[in-house]
Amino acid sequence: MFLNRMMKTRTGLYRLYSTLKVPHVEINGIKYKTDPQTTNVTDSIIKLTDRSLHLKESHPVGILRDLIEKKLNSVDNTFKIFNNFKPVVTTMENFDSLGFPKDHPGRSKSDTYYINETHLLRTHTSAHELECFQKIRNDSDNIKSGFLISADVYRRDEIDKTHYPVFHQMEGATIWKRTKADVGVKEPMYIEKIREDIRQVENLLNKENVKITVDDDTIPLKENNPKQEYMSDLEVDLCSQHLKRSIELIVSEVFNKKISSMIKNKANNTPKELKVRWINAYFPWTAPSWEIEVWWQGEWLELCGCGLIRQDVLLRAGYKPSETIGWAFGLGLDRIAMLLFEIPDIRLLWSRDERFSRQFSKGLITSFKPYSKHPGSFRDVAFWLPEDKPDIHQVHENDLMEIIRNIAGDLVESVKLVDSFTHPKTGRKSMCYRINYQSMDRNLTNAEVNTLQDMVCSKLVKEYSVELR
């Protein structure tokens, strides 16, 4: 059995080593033309596009998504759910429609997986934001409406226990349509609706077993986090109240689930209170903007960014000027899932090992129990940069990460820069990276590690003309 598993892994590695110098690639059943000047998506990344971990009801990411959706919709079932968007989007959807400048670093090939010049793997769920705003605008006659998007997103990144080229985001929004006050009525109906919505959320918060304690010094608004002119002071006050209580409801729900699990298992240091705090922030699509942090295991942890929707976002979605007001939020599901389920290595989220998957059940937040700890094997790759390309950016760190990831996949636990040296006489620059080869479910032999290391070194020389040391 061990031999068969090893042979399958080795075969897969050699297949992944080949780069995508082909005229077409197929992703989710659709063929796309490639471009030798632009295409940088790899076989290893394409293989992840159909995993959809956020849709698996007994996977930590799927469990968390489901808990949040159900809790938010337990108030008045306002949110339309969008969880099935495919990961390939256009540059228009991912960047242009959201106002990204042409020189924005997020567009760089060093950060983004391009299929060709016009298509890429989405880098955020906001690529579908305008479409969802348009859907709730066209489908709803109610004063209040909203949506939730969850999806896998893709970014070229470093390799360590908390970073992976694919992760999962959730974002959501709520809007209210402005209405005029009836004759003889003090406030318009939409203002009454927001007040009632706030009361409903507060009632749910009061029913939680461990009550949430909130520290909020963002009120009144600060000069560096001002309101937008299209909203009145009353609208900002009520809309921000509803936003903050809704986000607090999410935090209270998932952390109460965690605390209940800790009590059941008689865990040490089970919290007796749940403290959160609001801090001022900046985001391109909201103003004013905030972040919420939770006090957990002796430190403040950032959980979610949010704010009141900028008017230009609503206008791009087809709403008329001053027709609506609302709020939006965004959070990373993987990071919170790793925290709540006590998962030490992000690679585990992608494991197909039943020893991992059978530990989790729909609707429950339980602690991951490690089933093995195999030793790592360190290898250094040191090289001189080409003499005619002394700038380190000629070999972007994310390019090195992609070479390693595409060859070794999840058999690499981390890659770290351990030395950078410029020769005092020649001026040549040398880099040294330390690779920790460590499987999550079996021991790697020295022969396997050496083969992987040789492949990495050969590919690095071939692609970037470096000189190995």
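From the backbone N, Cα and C atoms, a Cβ is placed for every residue, glycine too.
Swiss-Prot has this to say about the protein:
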TRANSIT   1-17  transit peptide
BINDING   SER126, ALA127, HIS128, GLU129, ARG155, THR162, HIS163, TYR164, GLN169, MET170, GLU171, GLU302, PHE329  substrate binding site
DOMAIN    372-469  domain 'FDX-ACB'
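Here the features listed in Swiss-Prot are placed on the structure.
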residue: SER126; record: substrate binding site; CB count, 10 Å: 23
residue: HIS128; record: substrate binding site; CB count, 10 Å: 21
residue: ARG155; record: substrate binding site; CB count, 10 Å: 18
residue: HIS163; record: substrate binding site; CB count, 10 Å: 14
residue: GLN169; record: substrate binding site; CB count, 10 Å: 20
residue: GLU171; record: substrate binding site; CB count, 10 Å: 24
residue: PHE329; record: substrate binding site; CB count, 10 Å: 23
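In the three-state DSSP reading, HIS163 (substrate binding site) counts as strand. Across SER126, ALA127, HIS128, GLU129, ARG155, THR162, HIS163, TYR164, GLN169, MET170, GLU171, GLU302, PHE329, which the record gives as binding substrate, the greatest C-alpha separation is 26 Å.
A coil conformation is recorded for ARG155 (substrate binding site) in the three-state DSSP classification, outside any helix or strand.
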